[in-house]
Amino acid sequence: MTTPAAPGADARASELRGILLYIGALVFFTTMDVVAKWLVERHDPVMVVWARYASQAFWAFVLLAPRLGRIARTSRPGLHAIRALLPFGATMCFFSALQTMQIAEAVAIFEVAPLFITILAFFLLKEKVGPRRWTGVAIGFVGAMIIIRPGTEVFTPAMALPMAAAFFYASYAIATRWLSDEESPWTPFFYTAVGGAVCASLVVPFHWSTPSWQDGLVMAVFGVIGGAGQMLMILALRSASASTVAPISYLGLVFSAIWGLLIFSEFPDGWTVVGAVVVVGAGLYVWWRERVRAEQGS
């Protein structure tokens, strides 16, 4: 006769499963960044974004076909439409930045996204943000400025693109909070893929360049990489709380630095490393204060 697992053990196992799934998602997302950088060196970023979403939309239709009617059904089509535009904007900005920036450098600036989420939650969701969290947000943006270094010879306008991508992504996260909890997690996944594909298809004819068969093959599987990352993230957040996996997201910066070094021989300069440490430290502090506030309110 076997002894049933204690509820606490089940919860810990679920949290661990969520953490491992989230790390897997980060591996896929950073791999997608590597592929994107390789492609934007050969094609216009608009075409690369189109390949990313068109491929993901195709595979979404194939994989979800038996349940498509149920998954596509929603009581809030307008919010889904707006929400689908936001990751498209984030992807467009980030892939454009990769034309001239190192992967780790762009990702380090993008890591201000959690700070933007705090700001938007204050203004749009009326969440309470205390002076300590505001201080953490301010310090995080100082870290981003250390990386960007406006007014110096290293600054280029492209450095503003990861910041814009972070804002779009934060807006996407806020819009996600407004969506009904009763809907399948695959519903936003489906609308994000289709919405991005539609938006990119409207502009890609003006930026088209015929890919080689090798590039075409890479583009065909491009969306699979991003889609796999999204699927793993959805599953991770069903196994572990968002507050548990939030600090792990900064591992993406480590993975990006490793990929950049191994594949593109990129190594961030000293100021970029300093700025990245400040941004990550500030983000972790804001996350910790949010947990303290949640525990005090419970």
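Think of each number as a place in line: the chain as shown, counted from 1.
Cβ coordinates come from backbone N, Cα and C, glycine included.
The domain 'EamA' annotation in TrEMBL covers 17-148 (among others).
Per TrEMBL, the feature domain 'EamA' maps to 160-282 (among others).
Listed by sequence, the residues of this chain that lie at least six past the ends of the transmembrane segment (19-40) yet keep a Cβ under 8 A from its Cβ atoms are 48, 51-52, 94-96, 98-99, 103, 106-107, 215, 218-219, 222, 225-226, 228-230, 232-233, 235-237, 239-240, 244-245, 248-249, 251-252, 255-256, 259-260, 263-264. Annotation comment: TrEMBL describes 19-40 (among others) as transmembrane segment.
Listed by sequence, the residues of this chain that lie at least six past the ends of the transmembrane segment (46-66) yet keep a Cβ under 8 A from its Cβ atoms are 32, 36, 39-40, 88, 91-92, 95, 186, 189-190, 193-194, 196-197, 199-201, 203-204, 206-209, 219-224, 226-227. The transmembrane segment feature in TrEMBL is assigned to 46-66 (among others).
Sequence-distant contacts of the transmembrane segment (78-97) (same chain, at least 6 residues past either end, Cβ-Cβ under 8 Å): 33, 36, 40, 45-46, 48-49, 52-53, 106, 110, 158-159, 161-162, 164-166, 168-169, 171-172, 175-176, 178-179, 187-188, 191-192, 194-196, 199-200. Under the heading transmembrane segment, TrEMBL lists 78-97 (among others).
Using a Cβ-Cβ cut-off under 8 Å and counting only residues 6 or more beyond its ends in the same chain, the transmembrane segment (103-125) has close neighbours at 30, 33-34, 37, 94, 97, 133, 136-137, 140-141, 143-144, 147-148, 159, 161-163, 165-167, 169-171, 173-174, 177, 246, 249-250, 252-253, 256-257, 259-260, 264, 266, 268, 272, 275-276, 279-280, 282-283, 286-287, 290. Positions annotated as transmembrane segment by TrEMBL: 103-125 (among others).
According to TrEMBL, the transmembrane segment annotation covers 132-148 (among others).
Under 8 Å from some Cβ of the transmembrane segment (154-174) lie the Cβ atoms of residues 83, 86-87, 89-91, 93-94, 96-97, 99-101, 106-107, 109-114, 116-117, 119-121, 124-125, 144, 147-148, all in the same chain and six or more residues away from its ends. Sequence annotations record features per position, and here TrEMBL assigns transmembrane segment to 154-174 (among others).
Annotated transmembrane segment per TrEMBL: 186-204 (among others), in sequence order.
Per TrEMBL, the feature transmembrane segment maps to 216-237 (among others). Residues 18-19, 21-22, 24-29, 31-32, 35-36, 38-39, 48, 51-60, 185-186, 189, 192-193, 245 of the same chain, all 6+ positions outside the transmembrane segment (216-237), place their C-beta atoms under 8 angstroms from a C-beta of that stretch.
If you look up TrEMBL, you'll see 244-264 (among others) marked as transmembrane segment.
As annotated by TrEMBL, transmembrane segment applies to 270-288 (among others). Residues 102, 104-105, 108-109, 111-112, 114-115, 118, 132-133, 136-137, 139-140, 142-149, 243, 246-247, 250, 253 of the same chain, all 6+ positions outside the transmembrane segment (270-288), place their C-beta atoms under 8 angstroms from a C-beta of that stretch.
The domain 'EamA' (17-148) scores a mean pLDDT of 92 in the predicted structure.
According to DSSP, the secondary structure content of the domain 'EamA' (160-282) in residues is 104 helix, 0 strand, 19 coil.
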